[in-house]
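Annotated in TrEMBL:
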- 149-481: domain 'RCC1-like' (DOMAIN)
- 165-216: repeat 'RCC1' (REPEAT)
- 217-270: repeat 'RCC1' (REPEAT)
- 271-323: repeat 'RCC1' (REPEAT)
- 327-380: repeat 'RCC1' (REPEAT)
- 381-432: repeat 'RCC1' (REPEAT)
- 433-498: repeat 'RCC1' (REPEAT)
- 499-534: repeat 'RCC1' (REPEAT)
Amino acid sequence: MDATTSRGASSSLPLHLIVDDALALVTPLQQSFQRSQRLCFGDSAPGEFPLAANPSIVLHVLTSCNLDPEDLAHLEATCTFFRKPANFPPDFDLSMSELAALDLCQKRAIFKPMTAHERELFKQCCGGSWKLVLRFIMAGEACCRREKSQAIAGPGHSIAVTASGAVYTFGSNNSGQLGHGNLEEEWRPRVVRSLQGIRIIQAAAGAGRTMLVSDAGRVYAFGKDSFGEVEYGGQGSRVVTTPQVVESLKDIYVVQAAIGNFFTAVLSREGRVYTFSWGNDTRLGHQTEPNDVQPHLLTGALENIPVVQIAAGYCYLLALACEPTGMSVFSVGCGLGGKLGHGSRTDEKYPKLIEQFRNLNIQPVVVAAGAWHAAVVSKDGRVCTWGWGRYGCLGHGNEECESVPKVVEALSGVKAVHVATGDYTTFVVSDKGDVYSFGCGESSSLGHNTITEGNNRHTNILSPELVTSLKRVNERMVQISLTNSIYWNAHTFALTDSGKLYAFGAGDKGQLGTELVAQQSERGTPERVEIDLN
């Protein structure tokens, strides 16, 4: 979706409005296509159809085919018809490709409520082109499953969001984090009825706390009433047992929330990052009290660069940024273990660019922050990991730390599309729907079970291994979620493209969505959760 490629692919074109001089940049294939562009304006042989005769039909085709921004940019480069003013409302000066990009933006829930002034500011923030705005929106949809079904494996409790935006919760409920108005555990998925009529597009789970984001940009929170609660601490004794709107965020249209240890972060529609708490000693570029309920804009390098995804780990935050020149990753917070990716273990009070991706010629498209390590998927399907390598969670065949991102060579034959990280555990999903895992094998959360594979299911996996137990399900996996906590036994969810949800790992609190056999506290093989997320 971005304007650059890697791994030796042919060069792409910038997504800005392209002028005639840019035609010198196109590939020989595109140049050969130019020889036929006379057909666009009617200088054609009998029986040939000129595009210019029915521009409204062309616009309809472009928008109904859901072309990505790079496709639209290539059309501008290969044919004058697509880059000259189209003379269509709402802006008669826009090219056909720009109009198509604008129409595709208008189909998105986060774009529809914007005023004309807000849209223009949004466009300038993204680089001055509707194609760049579309790239920004699509990048966020791809890495966060925004407006799609999703499952979240929290610390002891679980969240499932259907494609229509209904929310189910189950598992531990000691702080009211299930949102049902009580403190009782749930061993089966139960819908949060107080959210009826509200479409949820994203969810986040922390220790004893849940946050939900609606398609109207509102944030609902319940459980421990604190944005900066440590996983085991004395603050935040008040609990909220039903979803409540976060009042301090009412003036910010939020599209994603992330809960880390000591702090919470949210991402606005315009790509700005706000954080709560953990600001004493200016750890995140601002000074606050631990129980602060006011959002603070993350200052520094990201103030003028839109962010499409945030990921929160143990005392640190990653931000996937979308610039006109390509995608990049910034990190801020605690640098122990090298998890910030800058080649050192020092803390960073302000967001700092991870430069190693440019050295590796990698365009990041998905970022994941584990407790002590991090991972990225690139546009060409490579996987990079860095941070604390304990139990083999980096997938490099050892337990060494890496202070800068390093390509997982064992996955060189796999094109990855999704990555998830937890407490010393990593999962990768391929474009074929296969799942690979590596790292700590405790709680059977890696999916490698002794009964079927002859290994100790608690054995640590130092290099990526295919999760054959999911392969046997005979479904294409699209998302993995696993517990990201250093205090809770982990469980894992695997979501299929047909909306089926499978669970394995720790289940002593009902977080797997099914009751276990007597004396069991975990499940080593995936089992279907009785809920249809599509």
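Every residue gets a Cβ built from N, Cα and C, even glycine.
TrEMBL: automatically predicted annotations, no manual curation.
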Remote residues contacting the repeat 'RCC1' (499-534) - C-beta distance under 8 A, at least 6 residues beyond either end: 149-151, 153-154, 156-158, 160-163, 168, 170-172, 185-189, 443-445, 447, 449-452, 457, 469-470, 473, 475, 482-483, 488-493
Summary of DSSP states over the repeat 'RCC1' (433-498), given as helix, strand and coil counts: 11 helix, 23 strand, 32 coil
DSSP-assigned states of the repeat 'RCC1' (499-534) in counts, ordered helix, strand, coil: 0 helix, 18 strand, 18 coil
